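Working notes for the structure below.
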């Protein structure tokens, strides 16, 4: 078995790539040093301990067809599209050292003609006339015998889209989760006009080989060309599941309010593991009975617009005289919780 392994994904599906990453990390020989390269189509990737409703504008993501994906490592929320290059270094202990992988990434940038440096928050920065700006962010994961360093390099990303999806709606979320630190970012194309993913990948590969003094042939991965990955189907199913991407969120509370022509409504949700544990509805409506019934039925329901919308069919059957009001309430909730 060679000491180095190079894998390149030909898929742009973020859920596929994260599942491959997880399988490789769990099954790699701890004596190997692995570099895995890929790109994702429109995606917001959140850290293992983050709350997607707090970090992301989930409504706009759904409208624009942007995928939400939770990774197994820590760190903050990032937006990926095909103008981002993703890399991951994996190694067994005691050889794993994130300062080594950081040095390889910096060497790759140097090969491209970019002088960058590492910051205290695990980012790679470049000095510009507008101050220091981030061109790469990183996240890390360690087990008892191995570790990995996951990073992205911004090539020509639409930074306005990044800001749109990572800035949540102006709703108050009193969360126990971790908020991302928003950083000033820069595209490499500002420094290297015309830079492409293939050039960045080549530089990362050359820096990886140079550091370890050896070369290996790349293994190309796609949904139709998988390496030997026992258990991949189960890992992929978990990575695609709502329970992992949304339900794994830390406990949080969410408050919503709206005024209708029949009265004002204020809702308080306590949510844990993506399920509503407690719901309170306050209103000056002249007939609060349907709202009381809704509050009771919300308990134990997944914090998803479709799951909550499904409650209204029976509510309208139980309160036929209030169908118009319940339709208005259902429409508002579906829009507010997307």
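Each residue, glycine too, has its Cβ placed from N, Cα and C.
Feature annotation from Swiss-Prot assigns ATP binding site to 71, 76, 77, 78, 79, 134; the stated evidence is sequence analysis. According to Swiss-Prot, the (R)-lipoate binding site annotation covers 134, on the basis of sequence analysis. Annotation comment: Swiss-Prot describes 29-216 as domain 'BPL/LPL catalytic'.
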Annotated ATP contacts 71, 76, 77, 78, 79, 134, maximal Cα-Cα distance (Å, integer): 21
Binding-site residues: 71, 134 - member with fewest neighbouring CB atoms within 10 Å: 134
Per DSSP, three-state class assigned to residue 78 (ATP binding site): strand
CB within-chain contacts under 8 A for residue 78 (ATP binding site), separation at least 6: 44, 45, 137, 152, 166
Per-region confidence, the domain 'BPL/LPL catalytic' (29-216) (mean pLDDT, whole number): 85
